[in-house]
Structure formats: structure tokens, C-alpha cells
Amino acid sequence: MAGNVKKSSGAGGGSGSGGSGSGGLIGLMKDAFQPHHHHHHHLSPHPPGTVDKKMVEKCWKLMDKVVRLCQNPKLALKNSPPYILDLLPDTYQHLRTILSRYEGKMETLGENEYFRVFMENLMKKTKQTISLFKEGKERMYEENSQPRRNLTKLSLIFSHMLAELKGIFPSGLFQGDTFRITKADAAEFWRKAFGEKTIVPWKSFRQALHEVHPISSGLEAMALKSTIDLTCNDYISVFEFDIFTRLFQPWSSLLRNWNSLAVTHPGYMAFLTYDEVKARLQKFIHKPGSYIFRLSCTRLGQWAIGYVTADGNILQTIPHNKPLFQALIDGFREGFYLFPDGRNQNPDLTGLCEPTPQDHIKVTQEQYELYCEMGSTFQLCKICAENDKDVKIEPCGHLMCTSCLTSWQESEGQGCPFCRCEIKGTEPIVVDPFDPRGSGSLLRQGAEGAPSPNYDDDDDERADDTLFMMKELAGAKVERPPSPFSMAPQASLPPVPPRLDLLPQRVCVPSSASALGTASKAASGSLHKDKPLPVPPTLRDLPPPPPPDRPYSVGAESRPQRRPLPCTPGDCPSRDKLPPVPSSRLGDSWLPRPIPKVPVSAPSSSDPWTGRELTNRHSLPFSLPSQMEPRPDVPRLGSTFSLDTSMSMNSSPLVGPECDHPKIKPSSSANAIYSLAARPLPVPKLPPGEQCEGEEDTEYMTPSSRPLRPLDTSQSSRACDCDQQIDSCTYEAMYNIQSQAPSITESSTFGEGNLAAAHANTGPEESENEDDGYDVPKPPVPAVLARRTLSDISNASSSFGWLSLDGDPTTNVTEGSQVPERPPKPFPRRINSERKAGSCQQGSGPAASAATASPQLSSEIENLMSQGYSYQDIQKALVIAQNNIEMAKNILREFVSISSPAHVAT
């Protein structure tokens, strides 16, 4: 029976697999009267504090037995998540890491409340799995039998347990008492109710939640428990709570959202896997618009929506930066999510769209003065320097504009662009301009980023078949008013790193003018302010396809560094002007941005780029150690993304759901499940996402929550397609040239002519990669570059960095430190480089002709080159200064440092 998993390990009170129902009920009653004491006696025969190495090793033996049973060829397990033959070895490996970290301190580990509960539950679940094989016998080998379904459920539970263990013991060290809940108000609730506890009995949790979000009945409580208790152990951990509050955000209407989306919605599927979603939707293959949704098992805290397209394909996608109800409403309006589980009546979720109170960021006088000195304002997004900040990343609290966040995520950006912390949620914010008269307000003070004490994992996975319970509850459902407990807590804010990279022209902008510009931006940005969560740009006027020589890139491998190739003089806006005030923040998000420079970095094993594929498989930890360090003193990444490309990706139906080639997990005991790299590439004609039917893990690459619209072959989508193709092959061409010639890293003469030629060479790749412009384009020559090893990526990351930073091929990539872990800035920084003037003689189009237009300019250029500046740097400075030679000299002095001592004389 589908509910057996829960009955024996969850709702039944956690009595052993042979425990009686009355024993479990007594245990639950004791919980109710002893809210802060845990009933370990009914979880395991071990008394509290007896988790020792011997018990762990006994558990390992049970896990090994389960693995051997599951390796039976007759079982023919599918190599897709949740894959028990990966999960148990990974769990074993992480437990070994934990034990090694607590070598000699086993008593401390054994007394850890969370670890005790986890080990007891792991022991119980492995025994339960072994019993399943004994009782199921030959039926275990029938793919659609009930015992086999129960095995899939247990696999999901093991998957949740591993994710939770990695979340509470990252790197093997306990951090449950400092775990960051994503949603601020949810974090405040947990802190007030449970302090620094990592795990609490279900009864204690239910009582505390009931005080804030009233639970109407025992039936509702049971259904709620089956949703929150992902590991089915009668406890709620801070990790599980975080997942639940992310899934059913916003907090103010948490249980109302849960009732509407999980209890009464026919499209909700509890504990379903990627393959099971496909199998279920196969019944409605001739009914386009049929859809169901489930919790992603590989990315806890996010939803996965499966749906049938007009041309009979089954796709699955993950919505980003918006609650599920908003994604379902948007998908219904666009014609994708019409028939939940094939039913003709689609629930109306618009009642959930009450405007959520926006977090107001108050600018302090100190910040106001600091930004005025730099010719900027606090509310201006520091990535694009065009739009106002209107979204806060959770849990780290950094601020930016929606356009930049959307572009970053669609371009495979891993984590927060400022600090690389995992993005587990977003909240709309309003930055209130500094008011000298009303500076005493106690609203949240503004800063570049606010590390909030919260962390959110929107993950609610049905711990097992509670279908009957849900149906019963749905029949007696009562609409609940929004909870008054909805105000976000205050949070301390980090210091703002000063922006010393602004040009003199911006520095001298009067603060009043700056404030006026910001006011107009705020007005233009008011489009978002009334939405529950920021949404990506919608289908609007797409930019025309870029010219072939435009060096913006969509290459996935370049994304974690977030450094686009430099603007050519023809398409780069003059940097001595203030960025244009957009008429619409969304509509103008594709405008070219000023391209800055940053220090180049040497290859590093901890380079965030080298870890890209590591983040694709298991949900925790999501970041490498180097990515987790906030490093406020490190210069931010030196450029903006190509937002014109991002806009096209974001708004076009071509940005389909899970549409990336699978990634090979580089290192883990669990290799089999991630060996789908040989899966054939998508046919060019297929919309993106349709090739994603191999496994759920492609969810990680989902660039947009927008589902594919197969019926729409409008001109805008074709324009987007072209935009994506050209940009992706631009990166590929440059990477190929850079990879094939090691000497290029010191003295390449890669100019626009080479770039155009590179485009021509990569033509055949365009159609192959148009469906998913986010994976690394496979170059025709040499083929081995299409799938590089981590060491290849590490070696190439920084060497490609200089290509994408400033287009100066003479930069010596062996100089420089670690990869900057900061987001791009709108203007260039100093860059240390060794330049050979002779290698830069080939001009680049318009700038070259402009620079040589007058004899005076020519002589000045020769003079500057004799001082050690490269020809390309002089070109750029002249473009920025609009051929004002004095201004160009100032720019060169300020932003270009060279090894030649001649530079000192200038």
C-alpha cells in the first residue's frame, strides 16, 4: 500500500516497523505534553546518547545490504533520480566525512540531538527497505507493482535524508544551530519558537505553528505533517521547515497557499519522480495543456511542473523567483497549464495574489553622502547601473534589479552574483531615497547586501501517499484569512564596499542631479512594485539579432565568471555619459551595458567555474568553499552580462524548461546515475526542454520558469533564437581559438576580424545549440572541447577570463590572483597586465578609423604607445572620451597600469 512508508515511519508515530498503532499514539500524546523533550525510546531501542561508531557501522552494513538487493539485474532500476544506488553510497560517504571530522570527539557527535534522530531513522528506513524485498519477492521486479512503488518512495526519503544531512552537516561539521532559513518571517518564527534548535518533535512544531497559522482539524494536521516531514521520522528539522516555507510562500498566507496548492489542487502530485510524472502525463499526450506539479527531488525547495505541449511532448520546468501559484497563473494565461492532471476545470488561484508587503530599504545619510561622492545613488543597481534595485536575494540579502537577477540566472549563474551564496528565494523591495527630513525612520536601513538571518528552501515533498487524507481534507476545506504574523524582521546590514571604479565624469555629477536621475528611475521602475514577486521580463519587443562581430557571449562555461566579451566601439555606449534612464525596467533590460575591467585571475582549483558541474547533481552543498566566502574586499566581477541576450532568452518560448544536456558528476561514489552525458543532443527543430526527458537533473539548468509555447513561432521567437545562436557561437569561437593556441594567452592578436571569422567557422553549431543556449556549445574542431574535464575548465577559466573581460588579448593571464567573486561593475577597474605594443597594431573597425582620423590623434596615440600603453587600451579610452585626448589620457592613467616604468612619467 502506498501509505505504508508513512504509516511505519511517519504518521504512525515512529514506532518500529512492527510497532502497534496504539504505541505510536501514546508516543504522540507524550509529545503533546512534553513539547521540548524527544521520545527517542519509541524511535529506536537505543536509549539517548548511544549513537556511537559501532551503531554507525551497523547501519552501514544494512545500507550495503540494500545496495546489493537493488543491484539485482532483474530489478532494472532506472538510472535517474532518486537513484538509490547513488543515494546510499553518497550517504555513506558523507557519514564517513562526519566521523572523520569528529575523530576523538565521538561523544560530542553521539550526543548531538539531530545526529541521533537521523541515525535512528536511517537504520529504520534501511530495515524497512530490506523487509520490502523480503515481502515483495518477485513483485519487486515488476515495474508498476505496489512494492516497487514503495521502493521508489523509500528512495525519495533517502534522497531527502541525504540533502538534509548535507544541509545540517556541510563539509562534515554540524551547523544546524546556525542554519539560515530563507524567508525572513519564517526564520523569525523558528527563532522565537525554538531558538537555535535544529530539530523538534512534530507535536511541538504543530503547537507553535498553530499559534501563528491556525490548524483547523486533526485531519489537516496529519496532511500537513505528511507534507512537511520529508524524512518521515516524526520530527521537523529546520531544514524541512525551510523547504516547506519556500514551497508555499509567502509566509503571511502559508497554510492558505498550502491548502490551495497541495490539498485541493488536482495537479499536485505527492512523492512523484521525474519518470513517474512523464508516465502519468503520457495518458494525456493528446490533450495539450495537461499538467501536474511536484517537488523537485534533486533540488529541494523548488517545484517542478510537467506539462504536455501542443506537439505531443512532455516537458518539465522549474519556476524561478516566483511562488508556484504565480507560475501556474502565468502558465494558464499563456496557454501551457490548462488541465490539471488532465481535468477540464483548472482551479482559480488569483485569490492568492494579494500584494505582499514590500520590504522598504531606508538609505542612511552616510550611504547617501558616500554614493553622492561617487556620482551615484544607493538605489541604483550596482550591476547594470541603469535600473533601481527592486529585489532582494535570500538568504544573503544582496540587492539588485530584477533584470540583472533574471539575466544572471538564465545565463547559468551559480548563486548570488555578489557573494555566491545559494539563491533560495527572492523578495521584492523598495529603496526609499534618502530624505534629510525623515531620516529617523526605523525602516530597514539600506546596504549593498543585507545578510539576513534567514534561509529559505521552498521544498514540500509529499512524504508519502496521503491521497485519501488529502481528499478527505479537501472536502472540508475552509478558506483561512491571512496571518497577522507577516512582518519581516529587522536585519543588520553589512558595510558597503566603496565603488572606486567610476569614471571622473560620473564622479563629478552633482548629488542633486544624481538624485533626480534616481527619482525618474524609481518612477520608471514602479512596474514591479505591486507584484507579489518580481517576474522575469515578459514577451516584448526583442532586440534585433546582434551583428556577427559582436562579442557578447552566451557560452555556459563562461557564465560563472560573469564576464562578457568587450563591447566593440560600434556597439558600446560612451562611458563618459550617465547610463540612459530606461523607459521600462523590463523592456530595456537588453540594452548594452558599459563593459568594465577587473583584475585577471589565475586558474584555481577552487574557482567557482571549476565547480559548475558539481552543483548540478546533489542539492547540498550547492557551492564550493571558495564560493561561500563573502570577501567584501575583492573586486567585483568585471563586467555586466549581455542583457540583450538574456532578455531574449528570458522572454522567448525557446527558453524551455529543463533543457540542458546532462552534466557528468565529476567526483562521487554515485557515478552511474550521472553517466547520461552520452545521451544524444536535441534535434534542432525541437523546442528547448523537449530533450530533457532523460532525467530530472536537467532541472538544475532550467533557465526560466516560462514553459515552452510550441504553437508560437512568432518573429520575436525567431529573433531570440538567432540572438542566442550568434552569441553562443561567439563564445565558442573565442574559446576554441584560445584553447588551441597557448601562446595566445600572452600575445594574441585576436581582433574583430578574427571574431567574425570565428563566427563563420562555428556556423554548423548554431542550430545544434539553439535549443539550449546555456550549455557549452560543442565546437566542430577539436571535438574534445565539447566535454572538458574539471582540470581543463580550471586551466581555461582564467585564460578565457581576459578575453571576456576587456578584449585585450595581450593580457598576461599568469598574473592575477583568485577569480573575483563579486558581480560585474559598470565601469572598468585598474588591470595589471603586460602588453606588447606591436601585437596590438591591428585596429578594430570604427575605433581604428576614428583614432586615425586626425594627424594630431595619430601622434598622440604614438606618444601613448611609446609610454607602454597598448593600442587597444588607447582605442577604448578614446571611445570613452569621444576622442578627447586629454580625457583619454586621464582614463589611461586612472584605469590602466602597465609594467613599463614609462607609465609613471605620464
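Cβ coordinates are placed from backbone N, Cα and C, and glycine is handled just like the others.
Worth saying up front: this structure is predicted, and the values here are computed from it rather than measured.
The following features are taken from Swiss-Prot:
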- ASP229, THR231, ASN233, TYR235, GLU240: Ca(2+) binding site (BINDING)
- 639-653: compositional bias 'Polar residues' (COMPBIAS)
- SER439: phosphoserine (MOD_RES)
- SER452: phosphoserine (MOD_RES)
- SER483: phosphoserine (MOD_RES)
- SER619: phosphoserine (MOD_RES)
- SER642: phosphoserine (MOD_RES)
- SER668: phosphoserine (MOD_RES)
- SER669: phosphoserine (MOD_RES)
- SER900: phosphoserine (MOD_RES)
- 1-357: region 'Sufficient for interaction with EPHB1' (REGION)
- 176-248: region 'EF-hand-like' (REGION)
- 249-351: region 'SH2-like' (REGION)
- 352-380: region 'Linker' (REGION)
- 381-420: zinc finger (ZN_FING)
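Shown here: features listed in Swiss-Prot, placed on the structure.
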| residue | record | DSSP (3 states) |
| --- | --- | --- |
| ASP229 | Ca(2+) binding site | coil |
| TYR235 | Ca(2+) binding site | strand |
| GLU240 | Ca(2+) binding site | helix |
Tell me, roughly as an integer, the mean pLDDT over the region 'Sufficient for interaction with EPHB1' (1-357).
85
Report, as a single number, how many Cβ atoms besides its own are within 10 Å of the Cβ of GLU240 (Ca(2+) binding site).
28
Just to be sure I understand the packing, how many Cβ atoms besides its own are within 10 Å of the Cβ of ASN233 (Ca(2+) binding site)?
27
How many other Cβ atoms sit within 10 Å of the Cβ of TYR235 (Ca(2+) binding site)?
26
Residue counts (helix, strand, coil, in that order) that DSSP gives for the zinc finger (381-420)
9 helix, 8 strand, 23 coil
Packing count at ASP229 (Ca(2+) binding site) (other Cβ atoms within 10 Å of its Cβ)
27
